[in-house]
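Engineer: Handing you a structure now.
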């Protein structure tokens, strides 16, 4: 009971500390926009931003559009991650595949993601397919890199044990390589989630500017409407934050054995 | 039995490799290089066949010959170097600012639970807003000049650098730090001799991702607002439907990224060798 109580206070301290800076920043923002310390065109007041948010979300059905963005994000992320783990497993465990493909992969991954957009838009058009392809590529790359790294660093003794016990290749993957690469894979998937959200916004910017959060931000910039831009940016951040929390929770759940090992 | 003999043979082999004559290493590298070329050459062949058979229209896939003549023209006229130079300069400046800030912040967060508690939620909230989201907002404040580009690129490097530095320092086993306590290391000694070497792989991951993010941010900001640089070349080529220019610009983006990555590899090996030398 007392242990639970200390955990409770520890949690409270953590929450209080986490909230301190954001609250201070908001207070500073509100004060400076009201006293005219900063030009309101650059820093609209909180009420302004709030009213703009209400107008866009409720009157202009931003929620529905956000749903589409999210669906695209998750679909691309899922496709990219699954293929990424499979692809990296192949590269990490097969010497031949590694020698043949890894250098090409490393070369292609150097072309930063957004540079693919002109080519993708010419090849796949501006539709849903092009966007999902782009998001999937974004998730694929970090998942491959981290999974590969993790499997390559699987403890040598464990691999030897696998040899001694005459494991089949499938057993070696399931019992040795996947478990020991799990922390790296989790990192990769986590990064993949961040990248794919970036790609979702990128797709909305560059592949047909229209409805959606990305379109909203671009429109706000063109109209020099800082409140609108901020609403868009905050929504981007919120979605990203939720995705990140989700990934962190899953990550710590999957890696809970590490804590108990200490 | 086989386990024992294998684990014994590992150490001498690596020692031998280090002292091996250069010729042997060169041949092995050459072999690897040859194998690595199979896939790209195969793709090039497929591309050549596809375009010479007219399977795809010229606007969708220009012929390799056409693209390479464009590339040659852009190299001899110096056009590509002008744009690449402009991009490279922006990335280097922005990355240095971002990495330095990220290292500082990451160390503070990794070393002190209190700082971490205070800063992490806000930092993550900011970090979760993709660089692309920041660009329009920053454009309103800073205009579309050089300052905007440097800030965006620095932000790209800052996030992975901070996260990886903090995570790397956190992940240093507590038992090692205890050893430091037992040896009565000062805080600075603990940091220099135990924490930073332990976190080094993670720091390198941070630098690597930081540079990649900077490069991505550069392309993003140049796609949205610039009148020179590789990103500008991409937008311009696409607007004119000059796929050859787009491909040349993509190759340049990839080549520079690749060279930066190789440079990092080399420096990582150097640092590791230095660490090993210090250990023995």
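Glycine residues also receive a Cβ, built from the backbone N, Cα and C atoms like all the rest.
Keep in mind the model is a prediction, meaning the values are calculated, not measured.
Here's the feature list from TrEMBL:
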type     : residues  : note
TRANSMEM : B:29-50   : transmembrane segment
DOMAIN   : B:84-261  : domain 'ABC transmembrane type-1'
TRANSMEM : B:91-111  : transmembrane segment
TRANSMEM : B:123-144 : transmembrane segment
TRANSMEM : B:215-234 : transmembrane segment
TRANSMEM : B:241-260 : transmembrane segment
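Mind running through what each feature is packed against?
Structural biologist: The list of residues near the transmembrane segment (B:29-50) in space but at least 6 beyond its ends in sequence, with Cβ under 8 angstroms from a Cβ of it, reads 56, 61, 63-64.
A Cβ distance under 8 Å defines the sequence-distant neighbours of the transmembrane segment (B:91-111), meaning residues of its chain 6+ beyond its ends; these are 119-120, 123, 149-170, 191, 195, 199, 203, 206-207, 210-211, 214-215, 217-218.
Residues 105, 109, 151-152, 155-156, 159, 162-163, 213, 216-217, 220-221, 224-226 of the same chain lie 6 or more positions beyond the ends of the transmembrane segment (B:123-144) yet place their CB under 8 Å from a CB of it.
For the transmembrane segment (B:215-234), same-chain residues at least 6 beyond its ends with a Cβ under 8 Å from one of its own Cβ atoms are 80, 82-84, 86-87, 90-91, 94, 131-132, 135-136, 139, 144, 148-149, 152-153, 155-156, 245-246, 248-250, 252-253, 256-257, 260.
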